[in-house]
Amino acid sequence: MDPTHQSFRLYAEVLVSANINKILDYGIPAELEDRVTIGSVVKVPLQRKVTNDKYKFAIVLKIKDSSDFANVIQPIAGISYEGVTLPKDLIDLIFWISQYYFCPLGSTLSLFLPTVYSQTHSTKHQNNVFLGQNAERTQEIIKSIEDPHQIAVLRKLLKTTKPLTPKELIKKTDISTKILDSLSKQGFIRIVDSANLEIQDEQLQYFLPEPPTLTQEQIEAINTISQSLITTKFQTCLLFGVTGSGKTEVYLQVIRKARSLGKSVILLVPEVALTIQTLSFFKMHFGAEVGVLHYKLSESERTQTWHKAARGLINIIIGPRSAIFCPMQNLGLIIVDEEHDGAYKQSDLPPFYQARDVAVMRGKFTNATVILGSATPSLESYTNALSKKYTLSVLSKRASTSIPTKVSLIDMNREMEKTRKKILFSPTVIRSIEQRLAVGEQTIIFFNRRGFHTNVSCSSCKYTLKCPHCDMILTFHKTERILLCHLCNTRLSKPITSCPQCHGTMTLQYRGAGTEKIEALLQDFFPTVRTIRLDSDTTRYRGSHDALIKQFATGKADILIGTQMIAKGMHFPAVTLSVVLSGDSGLYIPDFRAAEQVFQLITQVTGRSGRSYLPGEVLIQTFLPQNSTISHALAQDFPAFYKEEILGRKACNYPPFTRLIRCIFLGKCAEYTLQEAQRMHELIKQNLDAQASLMDISPCGHFKVKDLFHYQFLIKTRNILTVNKQLQDAFSAAKLSSKVRCIVDIDPITTFF
């Protein structure tokens with residue numbers, strides 16, 4: 001029968017996972033009437049004739065017995081997730097996110113469905129080779145076999161501190177794939193899809209601590225949060241605890257309390273990288289009740305966990321920001337660990353939500369207790385706690401097993417005067433690393449630039465090589481022998497023979513340093529040192545981050561070198577030295593959050609040292625030893641930093657005293673993009689609420705990215721929803737050219753890049 005003439009007894013109002021901002025009516029076929037309920041996930045057509053792979057996912061919002069479009073209505077094609085319905089708190093959250101973050105309802109819905117979300121987030125797969133037996137047994141195997149190629153492979157794996165792909169191992173040992181196949185069949189090696197490292201329990205073994213004796217501050221925090229759980233009233237608690245103060249132990253105890261009350265739990269961590277270490281700890285205590293959810297899982301893994309949580313078979317979900325959208329039965333507790341972290345802000349695809357704030361709103365919709373934990377709270381959260389909007393629990397001392405860490409500042413101006421040249425490592429740092437190597441203790445070195453050389457120029461005219469598609473200087477990556485753009489990933493692997501500026505024969509000069517060079521220098525200083533480098537180059541494949549962390553945690557390397565990802569919640573009991581090579585680099589960025597982010601980063605890095613019975617030391621190298629942000633970070637004095645920073649925020653009317661809306665215009669023609677931005681700016685100026693203020697248009701910090709030019713302006717307001725409505729009216733009136741795209745970012749974490 002032609003669906004345009006089909007009649008139905010019942011109709012459903014549904015929200016479709018497409019880039020549309022309205023609710024549509026569909027007919028409910030007779031065979032689905034008993035199975036479709038409010039919150040059901042269904043499949044619907046958006047066009048008259050569709051194939052099975054063209055159906056869209058949708059959520060049923062309302063069931064009714066009539067429709068204004070009954071004559072042309074199409075039927076629901078089927079139920080996608082049988083027996084699973086989205087709870088009311090999630091449906092309310094969809095509408096709130098859409099309104100607040102200025103995003104169509106259909107695009108917002110994609111966050112909440114596992115299949116749709118996984119289709120928009122892809123990742124790379126890679127196999128890694130591991131020993132099939134422990135080191136002692138492998139040594140015995142080497143003595144028992146005669147094939148020199150097999151022996152070479154096993155010896156290489158015994159020595160390596162980094163996961164190797166089959167291709168890398170074949171190249172390093174000069175063997176064929178048959179050798180690897182033979183060793184694998186005998187059980188002497190394992191060839192594992194790196195993705196599986198994230199879900200195999202046997203891979204989740206780290207140093208397991210003895211149950212600690214709780215401090216009085218921990219007991220008070222646990223009691224405060226437990227009382228909130230018992231009353232079943234929405235409450236947000238800021239758990240402000242210095243690094244090593246035992247916030248995780250507080251999480252453990254309140255999760256136990258929530259489970260004893262029959263309530264489920266969501267625990268957010270900033271990045272997938274932290275999920276495995278956190279999962280290991282909580283699986284040890286709660287076993288099969290715990291599930292992990294993030295975009296790097298396969299579609300089937302993600303969907304399976306989502307279904308189990310929706311049915312109450314998993315009651316504790318751990319994951320990065322996307323885990324906040326998991327349907328849970330009787331959700332009673334939401335924990336946002338490292339709540340200050342910028343990774344909670346989605347920046348790649350709309351809606352550009354802040355998961356910390358979404359967590360608070362979900363807690364409100366479901367009457368749950370929300371914990372925001374950090375050693376360096378965001379200024380917004382700390383202000384909310386001081387104003388009593390949130391309750392405040394403070395852990396001011398390190399846990400009883402921790403010895404206070406010694407923190408020292410190294411003035412690199414003086415070091416350069418002594419050496420009369422630029423140096424990356426001061427003598428003090430070299431001596432301190434040497435002392436750790438001598439006694440078998442570990443060191444973490446933080447340097448927030450990747451690659452080998454960060455500046456490559458013509459030796460004749462000094463022209464610096466830039467990306468042809470962006471206004472970004474190219475970085476030399478020695479491992480791959482390429483020049484790489486860190487904005488658009490353009491790779492130049494062929495030698496450059498003539499200078500684009502002077503057209504002379506190109507002789508390159510290399511300057512600047514990244515983590516690759518830091519690793520190379522350390523190996524020059526200490527030829528026998530075992531290093532692991534942790535940055536986006538070494539962790540691009542699924543599971544590679546976890547494999548590297550496991551190697552370091554089990555003592556297979558002496559020094560961990562990395563970018564900001566090493567600052568986030570890692571727990572390594574054998575680390576007694578943390579080094580910040582360039583403590584002031586982030587302060588040169590013209591962004592209102594720059595000082596806050598530098599303070600947070602230095603404080604978090606220093607917290608990686610001395611987390612067990614061994615005394616820790618932190619060394620911070622800087623060219624700005626008198627800078628107050630660095631001084632406060634050196635003293636680990638967040639209240640003093642807050643007191644100073646909040647004065648500047650208030651004087652300039654920046655968050656937390658207002659909220660920001662950032663409108664970014666992108667187009668291939670710089671002049672035309674600016675014209676459209678000016679036209680939109682004028683329309684908004686005419687209609688803007690008197691309580692809001694409109695800032696001038698300016699080029700973005702990265703003006704050209706992927707051949708698109710970027711302009712922006714900011715709106716300051718206390719009422720986002722009101723201004724969003726005025727923005728929508730302005731967009732409707734402006735009818736922007738299809739050649740220019742506008743991105744609206746609510747509560748941006750940066751106003752520069």
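Positions of Cβ are set from backbone N, Cα and C atoms, glycine also.
In Swiss-Prot, the annotation motif 'DEAH box' applies to 337-340, one of the ranges 137-140, 165-168, 337-340, 537-540. For the pair formed by Lys247 (ATP binding site) and Cys488 (Zn(2+) 2 binding site), distance between Cα atoms is given as 38 Å, rounded to the nearest Å. Close to the recorded Zn(2+) 1 site, the chain also has Ser459, Ser460, Lys462, Tyr463, Pro500, Gln501, His503, Gly504, Met506: residues not among Cys458, Cys461, Cys499, Cys502 whose Cβ is within 8 Å of the site's Cβ mean position.
Helix, strand and coil content of the motif 'DEAH box' (337-340), in residues and according to DSSP, is 0 helix, 1 strand, 3 coil. Distance from the CA of Cys499 (Zn(2+) 1 binding site) to the CA of Cys488 (Zn(2+) 2 binding site) is 22 Å.
If you compare Cα positions, Val242 (ATP binding site) sits closest to Cys485 out of the binding-site residues Cys458, Cys461, Cys467, Cys485, Cys502. Secondary structure at Gly241 (ATP binding site), as computed by DSSP, is strand.
Remark: Cys461 (Zn(2+) 1 binding site) has Cys499, Gln501, Cys502, Gly504 as non-local neighbours, by Cβ distance under 8 Å and separation of at least 6 in sequence. Cys467 (Zn(2+) 2 binding site) has Cys458 as its nearest neighbour among the binding-site residues Gly241, Thr243, Ser245, Gly246, Cys458, going by CA to CA distance. Fewest Cβ neighbours within 10 Å among the binding-site residues Val242, Cys458, Cys485, Cys488, Cys499: this applies to Cys488.
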